[in-house]
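Feature annotations, reproduced from TrEMBL:
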- 125-282: domain 'SSD' (DOMAIN)
- 125-147: transmembrane segment (TRANSMEM)
- 154-176: transmembrane segment (TRANSMEM)
- 182-208: transmembrane segment (TRANSMEM)
- 228-247: transmembrane segment (TRANSMEM)
- 259-282: transmembrane segment (TRANSMEM)
- 538-564: transmembrane segment (TRANSMEM)
- 570-591: transmembrane segment (TRANSMEM)
- 603-622: transmembrane segment (TRANSMEM)
- 642-661: transmembrane segment (TRANSMEM)
- 673-697: transmembrane segment (TRANSMEM)
Amino acid sequence: MTIGAFAFRDLCVKKGGECVSNSIFDIVKTPNDVTTTTINYPYNGTIFIASEIGGVKLKSGFEIESAEAIRLFYFLKEDNQTRNTMWLKKFIETASKMKKEEGMTISYFTSISREEEFEKSSDSIIPLFSLTYALAINFSIISCLRLDCVRNKVWVATFGVLSAGMAVLSSFGLLLYCGMPFAMTVATAPFLILGIGVDDMFIMISCWQQTQVHDNVEDRMAATYKEAAVSITITTLTDALAFYIGLLTPFGSVQSFCMYTGTAVLFCYLYNITFFGAFLALNGSREKGNRHWLTCMKVPEPEENSKKYNLCCVGGAYDHETGKEEVMPINNFFKMYYGPFLTKTWTKVFVILLYAGYLGSSIYGCFQIQEGIDLKNLAADSSYVGSYYDNEDQYFSEYGPNVMVVVTDSKFQYWDKTARKRLDNCLERFESLTLDGRSLVAKNMTLSWLNEYVKVINPNNETIFMDSLPAFLQRSDFTQDVNISNKVIIASRMFIQTINVSTAVDEKNMLNKLRETANGCSEKLVVYHPAFIYFDQYAVIVSNTIQNIVVATLAMLVISLMLIPNPICSLWVTFAIASVIVGVAGFMALWDVNLDSVSMINLVICIGFSVDFSAHISYAFVSSKEVTANKKAVDAVYHLGYPIIQGAVSTILGVVVLSAAESYIFRTFFKIMFLVILFGAVHGIVFIPVFLTFFGICGGKGPTICHIFFRTVSSGLEGGVIPMEHSLYHLVEFGSVSALKMVKIAESSL
């Protein structure tokens, strides 16, 4: 194959002036030799051919009867990476057009394939961005749509989605300008930020609707921020902190994702309370002037108790009893039907049983979690990389990695018999390793330049040893295995052949055992294989996941204690975090999602999102002015049930398009986010309200505090100091009992 003026022979690694050949071609020189040549397996003479011949069936002993696959290697020199990359791209293009003979399949792979296919996988979801934002805008508009042409919130919803988009652009632009690496996993962040931003928007709109329509816009905005600010601040702090805690992980892709997403969350919060808040105020001015949502022309108000308003010419209706915007039917559903139903005794029993089933299934799933990621899953489903990995697993999985054992001590005396004996003992310790009763390293298959050298020379003299070594290395093809400088061996390597390594857990255990053995040797040894960069994540993924979850959960507890005015309810929020994490971890295993660096990112996300719904509902429960715990629960779901559902649906819509992605990474992101939002929402509007009713203390002391306060001011009333209306005003301000009940207390006291 030729690229420009360069052919393969110009780029290849050479031996004796010729390109390094594949061993199988040295054994079988012509097609006729296939049936006449005896080939042994896994070693044919001194040549290890198990990496080149796969799907082997043996006659007797080590002689091959048949083989199903042949793997060929072509090595390039590393002196010109630009030229090599051009040649490899041309190779991929040519291989993809190769004609396949009947009954034969061809798969191929290069040193740049993994990186290129990862980038293509990321690029494949770019068209989904527009679809996602279209879905989000449409859902936001539909959920904020009103038949009243004045109270309609179409533009508010649109600018809420725009605010989330601006947060993504600002955060990504800032970090890219600062030189922060952009990993493929970051491509999922815009979908996530859209859900977070829209969720906060729904909370602010809900609080706006609870304000007095005839108040000044400034007063309505103050009341809106008074109710919404704490809630969205809690969720922003918890989300951002969860992501930034993810920076503790040693994985670069996770760090990149967490940095971009955490920063985007902060920008999202900033734009929500500034840009979106400003537009909410402008929209409030339009409503104050009773102007049409589209034309901004003034329209007549409907008469009291009249339903004659529409999208065209009449609007501005409100509840004349409360002075607030008319309650949406879905809110009435939560107040009149769902809330009372949820607080019935038999419903609570059912909810407890339902939670027990959820928790039991989750714990069972946690014990089914598998570790590790299949490397083919890092590329798109249609990628040629997947075909190569499938064939490799099918035909070449009997023997694992051929691992280097590197002697790093430049003072090691290779010519000393005692030193060589110590090194041989170390290599024997590698060969004796077992895993679950199975051998981990093949015996008598260790390849050592030193053992071959001592067979041809008496190496006990340093001068003779070093003088004869270069010529031996050239003759025996061991040149790459010894690093010599000024007649000093800086480092050298041997190879051990691993076996019975088929799963990610096997790879992790193999890596740990090899490193433990190397560290336990008397000589300075290092074990290495290019695949160890992937095995390393298996070794630390569990400990890092647990570390991030524990640290983040404790941080969430501290934030909840600071911002929710009751420690018991803060503990319930922490409980919800733990419960959702267990549920997501368990059900993701049942949904065939392994624990790897990709799912670890999502479990970190889980911590932040599991706070959102429970924090909203817990804060609403604490802040409720109702007397009993049941009524507080009804009031909480009345005010926040619909916004929670809106936020959950909008977040799921933000990531649902990823379920159609060709990449395992993005499908995994969808699966775990779906579980997080589903379980978080169920905790927010089902489990937590019921559990809070068992602890009425979360709402304060109720009538007891109010009654003591009333007795204090009533003594003043008897003395003619404090007017009745003044005392009632302050009692209502405390919000412990209703005004009607206070009047009855006053009457009985006076």
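Note that Cβ sites are derived from N, Cα and C of the backbone, with glycine treated the same way.
Of the two recorded stretches, the transmembrane segment (642-661) lies close to the transmembrane segment (125-147), with three or more CB pairs under 8 Å once pairs fewer than 6 apart in sequence are set aside. Over the domain 'SSD' (125-282) the predicted model carries a mean pLDDT of 87. Count of Cβ pairs under 8 Å against the transmembrane segment (570-591): among 125-147, 228-247, 259-282, 538-564, 603-622, the largest is for 603-622. Under 8 Å from some Cβ of the transmembrane segment (673-697) lie the Cβ atoms of residues 192, 195, 342-343, 347-348, 351-352, 354-355, 566, 568-569, 572, 575-576, 579-580, 583-584, 587-588, 591, 602, 605-606, 609-610, 612-614, 616-618, 621, 628-630, 632-633, 636-637, 640-641, 644-645, 647-648, 651-652, 655-656, all in the same chain and six or more residues away from its ends. Here the transmembrane segment (538-564) does not lie next to the transmembrane segment (154-176) in space: the count of CB pairs under 8 Å, restricted to residues six or more apart, is fewer than 3. Long-range contacts of the transmembrane segment (125-147) within its own chain (CB-CB distance under 8 A, at least 6 residues past either end) are made by residues 153-154, 156-158, 160-161, 164-165, 187-188, 190-191, 194-195, 198, 201-202, 205, 309-311, 646, 649-650, 653-658, 660-661, 663, 666.
Counted over residue pairs separated by six or more positions, the transmembrane segment (603-622) shares at least 3 Cβ pairs under 8 angstroms with the transmembrane segment (228-247), which defines the two as touching.
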